[in-house]
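To start, the structure under review is shown below, and the notes come after it.
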Amino acid sequence: MTNASHVTTFLLMGLPHAPVLDIPLFGIFLVIYVLTVVGNLVILLVIMVNSHLHTPMYYFLTNLSFIDMWFSTVTVPKMLMTLASPGGRTISFHGCVAQLYSFHFLGSTECFLYTVMSYDRYLAISYPLRYTSMMRGRTCALLATSTWLSGSLHSAVQTSLTFCLPYCGPSQIQHYFCDAPPILKLACAGTSVNEMVIFVNIGIVGSGCFLLIVLSYVSIVCSILKIRNSEGRHRAFQTCASHCIVVLCFFGPAIFTYLRLGSKDAVDEVVAVFYTVLTPLLNPVVYTLRNKEVKKALLKLKYKVTFSQSK
């Protein structure tokens, strides 16, 4: 793969902005990144130490928090480097390969995981009496493992199709991280076949997962409307609302970026900020501020820490 490529380093052009905004943007994205990592770590810790949260829903949430933490780490630190100094814009050929693979691996795994989480909510609300027997620990582990394996395979296809082409210059990537569309524009050979296969690959995964999620929630709404108890209906809607918010914020920008004909670099870069920077932050915010069980667990953990320090 590298023998056919003359380019040894790429230059990430970063977000389109005026130079005077370098420091403010650096500060904003640094704060968001720190909050994302700390927030997702807190969710992982709370679920691990609280036995009441050892349920399928929170098992999948720990996977989501772990993914979001690393999904943000794949792109944001390099973005901060491009804002901090001109020298931070360079990235090696192999570093670019690793970043693209990691980005699509975590992104597609999250895509599959959202689908599994919607299926879990469907079973919990539609079959409450049989839910425990249907979603045993082994079943949850198999579903989670399948999302990681599927994400790995999907990313391997994306990365192979992108870097099997020769790159002999120019080496300026019109983005703040290595992604397939802007990289393919730099290839020294025809990319129409590669672009079409990548488009179909992402289209099948993205559209397929989104369709399954929509079907799950249509079924969930139908089941909720059958609940006679108004308090039960409210609780069921509240449980699913948080998941819907994060799903829409993830799939909306991603579909806009990858599943449309034509591409405008500046627009793509700004839209990409939503699913690479903001969505990983939404996970801890939405699942803690809108979830009574997690808030109770957080208060319980805070009380334990305070009590142990006072001794």
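Cβ coordinates come from backbone N, Cα and C, glycine included.
Residues or ranges marked as domain 'G-protein coupled receptors family 1 profile' by TrEMBL: 39-287. Under the heading transmembrane segment, TrEMBL lists 23-46, 58-80, 100-119, 140-157, 198-225, 237-259, 271-289.
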Most Cβ pairs under 8 Å with the transmembrane segment (198-225), selected from 23-46, 58-80, 100-119, 140-157: 100-119
Residues from the same chain, set at least six apart from the ends of the transmembrane segment (100-119), whose C-beta lies under 8 A from its own: 57, 60-61, 63-64, 67-68, 70-71, 74-75, 143-144, 146-148, 150-152, 154-156, 158-159, 162-163, 177-180, 183, 205-206, 209, 212-213, 216-217, 220, 243, 246-247, 250-251, 254, 275-276
Segment confidence, the domain 'G-protein coupled receptors family 1 profile' (39-287), expressed as mean pLDDT: 87
